[in-house]
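S.K.: Quick one: the structure is below, questions incoming.
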Number of protein chains: 2
Amino acid sequence: MFCIVGLGLCDEKDITLRGLEAVKSASRVYLEAYTSILMIEKARLESFYGKEVIVADRDMVESEDGSNEILKNADKEDVCLLVVGDPFGATTHTDILIRARQLGIPTRVIHNASIMNAVGASGLQLYNFGQTISLVFFTETWKPDSFYDRIKENIDGGLHTLVLLDIKSDSFFFRGRKVYEPPRYMTVPQAVSQLLEIENMRREGVLDPDKTLAISMGRVGGFDQQRILAGPLCSLLRASPEDFGPPLHSLIIVGKRLHHLEVEYGELFAEDLGEAIAVAEEDGRNPELGQQGRKGGRELWRKVAHEAYGVALS
Amino acid sequence: MFCIVGLGLCDEKDITLRGLEAVKSASRVYLEAYTSILMIEKARLESFYGKEVIVADRDMVESEDGSNEILKNADKEDVCLLVVGDPFGATTHTDILIRARQLGIPTRVIHNASIMNAVGASGLQLYNFGQTISLVFFTETWKPDSFYDRIKENIDGGLHTLVLLDIKSDSFFFRGRKVYEPPRYMTVPQAVSQLLEIENMRREGVLDPDKTLAISMGRVGGFDQQRILAGPLCSLLRASPEDFGPPLHSLIIVGKRLHHLEVEYGELFAEDLGEAIAVAEEDGRNPELGQQGRKGGRELWRKVAHEAYGVALS
């Protein structure tokens, strides 16, 4: 049996009991390193599971030779591939499932939370989201902009857009050994700057730096490390890096069908951080904010939502 | 601390380790019965957790008196509310979080898989989904049809639509005690029939019984019970009830941007069930199907996808 196990959002405790059972009974356990390099370290998992975890990099999971190695003997014994989030978050995992089927190997998928549903932590309703987009690091010569059309479609329909930000984890060979560079994570200001760069080129009025609302989501499900910031695009561009918290981040471009209940959710923990940014945090650390928000954050968030999208306030 | 814990998709083993810790350390544990009545029984959870689980019906979670009872003393002790799927799957849960904040109670959310991301088990890519819709049971006099506009927006954009099907769990008072009727779950044929009824009224050509592809998702993440059926709407209308498996079901209306890789995923397990239905199942039970599909299911699914949406086949 070949089993892909979703590890969930943050650390070793986000695995499900069913997932843990699969890991414990497996003869070999692989950790998909490309998306999972961030928050869960191999050594920590190994000591937690009490067994060896083999790191599978992107080449391994995506190449035929590599995936054959992972799937070796999986018709006779149990092999697990661990992935951050849910197994269907990346096409790579679909490919290796197809490969297993082609080899006549039974497959199983153990689901978990991923940013695709945990984005609800923003207070925005999941059914008001349109299609999700991915934003890659621009280079001088490569600035793919098809995401702009996707955002436009969502904006035209009044819908929110979840923007997944690029992770780059380069590797090179040194003395015959593969060496990994530290991964680079796209920051929210970088993402906003790329979005506005394309708006400046295309000029179809999809994104307005001063009016379009956005929400930055950092380490969703990571409790003490979770950070949720809201404000117009320009305010997220100017905010201090510390305010966003540690990576990984995602960004939501808020749609114009924004409902007053969606605004209300963030209100009670809202905090004015100076750069016209409201914080709509959910982490249980600051219950005293529950009454009112801090430094006028509540009023600011209501005002911003009203001025941008005309959200009626009670 | 007030903590909402997502139970995931199916049974008591789908909780995360973090969620289980929260349950174990709580003074009171509530189970949200409206959405969770289906697959996880209170008694089974109680024996699994080794502690009492209090059933909270919809009235309790949604009313101020009821939610105050749940939140009682939660500023001093730990109270858990268990919900099926992810805590942000229903607005009800957002409401009780807001209520807790208003009372100055620290809150925490423990995420899990929900149909909103587990729908990837269909082989369709999550980023190709547009907005999600809910379909309620029609009555003679009440046939809300705003979902039709939402589907149209998705179809126009080439996007898939996840359709969540209604659950009805009526209760009444008998000799001063609340009595629950057995819950009714909308079946896929009922859902398809309602969709086509509105198409017949509105006649905007959004849904074509013979051409529009749909995928029925039954007990996603439920392993041996999971059933995934694909075909034109009319074939899902005519299929035998057993083919869909036990409730709960969801439905996907497949968008026209359907990619050949999305078709390929279902191919290898596809089985022709007679009513022009292909099965795109993922459960590890029938590895021998991996080579080819059964009874020409593979060819049928490819043909249907090609004829409906012109998906290019390799």
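From the backbone N, Cα and C atoms, a Cβ is placed for every residue, glycine too.
According to TrEMBL, the protein has these features:
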BINDING   A:LEU9, A:ASP86, A:GLY89, A:SER114, A:ILE115, A:LEU165, A:VAL220, A:HIS249  S-adenosyl-L-methionine binding site
DOMAIN    A:2-188  domain 'Tetrapyrrole methylase'
S.K.: Select the most exposed residue of A:SER114, A:LEU165, A:VAL220, A:HIS249, where exposure means the fewest other Cβ atoms within 10 Å, treating these as the binding-site residues.
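M.R.: With the binding-site residues A:SER114, A:LEU165, A:VAL220, A:HIS249, fewest surrounding Cβ atoms within 10 Å: A:LEU165.
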S.K.: For the binding-site residues A:ASP86, A:SER114, A:HIS249, which ones lie near chain B, with a CB less than 8 A from one of its CB atoms?
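M.R.: Only A:ASP86, A:SER114 pass the 8 Å Cβ test.
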S.K.: Mind giving me a neighbour count for A:ILE115 (S-adenosyl-L-methionine binding site)? Other Cβ atoms within 10 Å of its Cβ, every protein chain shown.
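M.R.: Here the count is 23.
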S.K.: Mind giving me a neighbour count for A:GLY89 (S-adenosyl-L-methionine binding site)? Other Cβ atoms within 10 Å of its Cβ, every protein chain shown.
M.R.: 23
S.K.: Taking A:LEU9, A:ASP86 as the binding-site residues to compare, which has the smallest set of other Cβ atoms within 10 Å?
M.R.: A:LEU9
